[in-house]
Amino acid sequence: MEPGTNSFQVEFPDFSSTILQKLNQQRQQGQLCDVSIVVQGHIFQAHKAVLAASSPYFCDQVLLKNSRRIVLPDVMNPRVFENILLFSYTGRLVMPAPEIVSYLTAASFLQMWHVVDKCTEVLEGNPTVLCQKLNHGSDHQSPSSSNYNGLVESFELGSGGHTDFPKAQELRDGENEEESTKDELSSQVTEHEYLPSNSSTEHDRLSTEMASQDGEEGTNDSTEFHYTRPLYSKPSIMAHRRWIHVKPERLEQAWDGMDVHAAYDEHQVTESVNTMQTDHSAQPSGAEEEFQIVEKKVEVEFDEQAEGSSYDEQVDFYGSSMEEFSGEKLGGNLIGHKQEAALAAGYSENIEMAMGIKEEASHLGFSATDKLYPCQCGKSFTHKSQRDRHMSMHLGLRPYGCSVCGKKFKMKHHLVGHMKIHTGIKPYECNICAKRFMWRDSFHRHVTSCTKSYEAAKAEQNTTEAN
């Protein structure tokens, strides 16, 4: 008789979920917990086995270090971590739309890649969520940031005015408090979903408040013009033009004419339109006229650049594209970038003069080199655009793909260097021995050694001829 012939196999499909549910109840009641996680002073009790099974980060902490107390960085939001901890026990994760990037960052730190994949899918399917997150600041910006208290306050106040996050110890009184916490989170998500058509007035009020807190537009502009920054450009190795916000009436000016006189006439038309739209619009000052002239110059310059290079052009991997990273080209590009930065600085100064905006950082005594735009990973940036590019690294976007092998890259120059492998082009040639090289660093090393050998041989030949 074969072993196991008379055995019976019985399965309980919901047994694992029931065990996790009971473990979660024990966690909330503070029973049999063997590890404490500290997030910004908030202490969360949990079980090592559950944490190690759900997160490789916690697995390393409890197995390799045998830690009973784990302190997470202050950049992590306690509310976000509590929901992720609850997810480890229940398998359900409720993510408010404005905080998806916060969940993505926290899951990346905890190495919970299944959560990272889900957050990435949500962001790819709803790009407006990331635009709102990047435009209105992260949840952990310092008070020195111009976007501080923007989205966080509106989110917390919208949930009923509960601005203080409850301590973890206060959530251990039983299953009833767990249900109340779920109801509170559900109400927060419900209030920040897309509003129905019959509540358009409330939606407009929230949009106006969020736009006014951004600090980049005046009072009238924040209520009349709403724009979003392009999130993702089509994969291409062509140099795309920079994104510049041009208001509707000024875009019409760029189409009608490019000379200063036409700009002045259309400015008068714009003035009359603004007067009809609102009774509180101010009369244009000399600074505003100067601002429009500078803006016109910027538009003309970008139009000229667009005429010089089209998106439909094919990249020459055999010639100029390889030389654009040489020392001469690099120096020219740096000078050009400095000139563009100076022009952009003058552009911003005219905006502030026309709209009467004063930077809050000047009152706090910050200099121009202060990094006012922090990321949740701990890094800070001087300009908002730099933080936006940094966020794309967290998302793992690789917009530049190789048409031959399909490999994708985060930077354009990485793709250009990769194409040398497929084309076999060796653009660097030694003037002494005519040997060619594919990579510039190898070429420079060879030139150094080859020059020394050539000079030594030439000196020896001169000595022989002299004798």
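Using the three backbone atoms N, Cα and C, a Cβ is placed for every residue, glycine included.
Taken from Swiss-Prot, the feature compositional bias 'Polar residues' applies to 140-149. If you look up Swiss-Prot, you'll see 164-174, 182-194 marked as compositional bias 'Basic and acidic residues'. Per Swiss-Prot, the feature SUMO2 cross-link maps to Lys182, Lys247, Lys297, Lys358, Lys458. As annotated by Swiss-Prot, domain 'BTB' applies to 33-97. Per Swiss-Prot, the feature N-acetylmethionine maps to Met1. Look at Swiss-Prot and you will find Thr423 tagged as phosphothreonine, backed by similarity to another entry. The feature region 'Disordered' is assigned by Swiss-Prot to 134-153, 162-227. Swiss-Prot lists 373-394, 400-422, 428-450 with the feature zinc finger.
Within the group of recorded positions (Thr423, Lys458), the Cβ with the highest number of other Cβ atoms inside 10 Å belongs to Thr423. Taking CA atoms as the reference points, the residue listed as 'phosphothreonine' and Lys458 (SUMO2 cross-link) are 37 Å apart. On the 0 to 100 pLDDT scale, the zinc finger (428-450) averages 90 in the predicted structure.
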